[in-house]
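Straight from TrEMBL, the features:
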| type | residues | note |
| --- | --- | --- |
| TRANSMEM | 47-80 | transmembrane segment |
| TRANSMEM | 101-134 | transmembrane segment |
| TRANSMEM | 146-179 | transmembrane segment |
| TRANSMEM | 200-217 | transmembrane segment |
| TRANSMEM | 223-240 | transmembrane segment |
Amino acid sequence: MSDANPYQPAGPEPLVEVPSGELQIRRVSIRPIELMKRAYALMGDQYMLMVGVTLVGILVGSLVPMGIIMGAMMVGIFMCFMQREQFGRTEFGALFKGFDFFLDSFLVMLIATALSFVVIFPSYLLMVAIMFGAMAGTQENPDAAVGVMLVIMPVFFILMMVAMLLIYLPFLFSFQLIADRHLTAMDAVKYSWRASIKNLLGIIWHLFVVSLITYIAALACYIPAFFVIPITFGSMFVLYRDIFGPGTFPPPPLTQGYAVQPPAGPPPAAS
């Protein structure tokens, strides 16, 4: 990684000594809008290319059931950000370099899918059972049945949001760790979980802001959301770099002879 990298963490907790072989994990100040600005600066003049990279990655990954190749696509997307960071350029073909880590990325997706199924499916069954029980108990009073439904649905929605957040946390940085440090699936999930817990409140705030912006963009016939997606991915890459610091392995080399010149970007705000 270039010494001129402008994407260093804003106000991080000082690094502490860790056992040999363990990754160093920072506690950082997380400002969602600042992260998104830095992500946009990282993409620079290749922003539209990154729009294409993220959309194709998600589309191709979705073509195969059960997320079999989605993990490889996620790794490939973050490799494109690594190239931008290291070389100041990226290439569309780097998206498919994620298949070099197919097994570990697939295992991460498999664990995430299995965990989601274990949590969500019983939750839906429980909700249906509660709804039918409530309706059966209020058959003679339709107004009471409506009132019960109005209470049950928001509570269930909130509980599902919390459950999805807990499911998502262990995998938040897993694909970045596979791309940047070539970790195994289990190690990637382990360190991703540790980093997420160490920065829990900031990460929750960041995910809320990003989700809200994406939702608002999607209201306009979804098209604006396509242009938000690469900034979302980029913000998670920048946040990953803030928390874990410089990577261990270089990104895939460029096939064309671009000069190694890191992209210009605003330095992170002082804490």
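Placed from the backbone N, Cα and C atoms, the Cβ positions cover glycine too.
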Same-chain residues at least 6 beyond the ends of the transmembrane segment (47-80) whose Cβ lies under 8 Å from its Cβ atoms: 40, 90-92, 94-99, 101-102, 104-110, 112-113, 175-176, 178-180, 226-227, 229-230, 233-234, 237, 251-252
Long-range neighbours of the transmembrane segment (200-217), counting only residues six or more past its ends (CB under 8 A): 28-30, 32-33, 35-36, 165, 168-169, 172, 224-225, 227-229, 232, 235, 239
